[in-house]
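Here is what TrEMBL records for this protein:
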{"type": "TRANSMEM", "residues": "25-48", "note": "transmembrane segment"}
{"type": "DOMAIN", "residues": "41-290", "note": "domain 'G-protein coupled receptors family 1 profile'"}
{"type": "TRANSMEM", "residues": "60-81", "note": "transmembrane segment"}
{"type": "TRANSMEM", "residues": "101-120", "note": "transmembrane segment"}
{"type": "TRANSMEM", "residues": "140-158", "note": "transmembrane segment"}
{"type": "TRANSMEM", "residues": "197-225", "note": "transmembrane segment"}
{"type": "TRANSMEM", "residues": "237-261", "note": "transmembrane segment"}
{"type": "TRANSMEM", "residues": "273-292", "note": "transmembrane segment"}
Amino acid sequence: MKSPSNSTDVDFILLGLFNHTHAHLFLLSVVLVIFTTSLMGNTLMILLICRDPRLHTPMYFLLSQLSLMDMMLVSTIVPKMAANYLMSTRFISPAGCGSQIFLFLTLAGGECFLLAAMSYDRYIAICYPLRYHVLMSPKLCAYLTVGSWLLGAADGLMQAGTILSFPFCHSRTINHFFCEAPSLVRLACADTKVFELFMYICCILMLLIPLSLVLASYSLILAAVLRMRSSAARKKAFATCSSHLAVVGLFYGALIFIYMRPKSHQPGKSDKVVSAFYTIFTPVLNPLIYSVRNKEVKGALRKWLQKTV
């Protein structure tokens, strides 16, 4: 009698995001361009923040951590997806699958908390500018950053370890382009009700609570903006806040859509597209959104280019 296929030497099968058609090959090329742009944009952001003393503030330190998380996040997903497609293979080892789950949850979870910390930083800067260096001290900034990384890593370690301990009796075929926790839980032939409850609690702690803090911070920021006397300052603040909220809403909304649904929901092609938003698209949008409207970043870039030319 064949035993459940929960041995560590049996690979999983990723169905992927694209088929082998000319149209999908073009879409893969677009994804690779986005991947390269994301790496270059986030690397440039980190270098500018490290090299320019004017950017050595809590706001830019948090932004450098966001860029680092985005670089690691997109590098965790896209290279394996592209390699499988180009090499016409769909296999991923249990160790590779566990690594993807751990790294993804560490980085995505850490980014959820980091975005909340960044919104708090902007709230203090706009609503209490004279007390900014007291209320947002370097020590507090370091605590917020370390806390974001540690909470994300704790969630990733617990979920990856638990998921890979489940037996997979019938199928090891994952209808996704990377190993994501909900997709693997649906394949398990064990009772996962307790683990699903644990996942919901994690989602509340790592998605809904940080999102609530982000929305509260930006609501207070917008209330302060409405009290500004200068119409030009109001327009600038509204434009900045709206672009930030658009990217934040895209990131949190897509994660909530995927992670806060019951196991009985059968994933489809739309789920892969939604997952692509927080694994591929937001990492390239963040450096653009946080730098295009920022005079200090553009000034640091201009200064760096003048030195290198």
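Just so you know, glycine gets a Cβ as well, placed from its N, Cα and C.
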Proximity of the transmembrane segment (101-120) to the transmembrane segment (25-48), 3+ C-beta pairs under 8 angstroms: no
Within the predicted model, mean pLDDT of the domain 'G-protein coupled receptors family 1 profile' (41-290): 89
Contacting positions for the transmembrane segment (60-81) when only residues 6+ beyond its ends and CB under 8 Å are counted: 14, 16-17, 31-32, 35, 38-39, 41-43, 45-46, 49-50, 92, 96, 100, 103-104, 107-108, 110-111, 114-115, 117-118, 121, 138, 141, 144-145, 148, 177-178, 279-280, 282-284, 286-287, 290, 296
Intrachain residues whose Cβ lies under 8 Å of the transmembrane segment (273-292), provided they are six or more past its termini: 17, 31, 34-35, 37-38, 41-42, 44-45, 63, 66-67, 70-71, 73-74, 77-78, 104, 108, 176-178, 180, 243-244, 246-247, 250-251, 254-255, 257-258, 298
Contact set, same chain, for the transmembrane segment (140-158): CB under 8 Å, 6 or more residues outside the stretch: 58, 61-62, 65, 101-114, 117, 120-121, 198, 202, 206
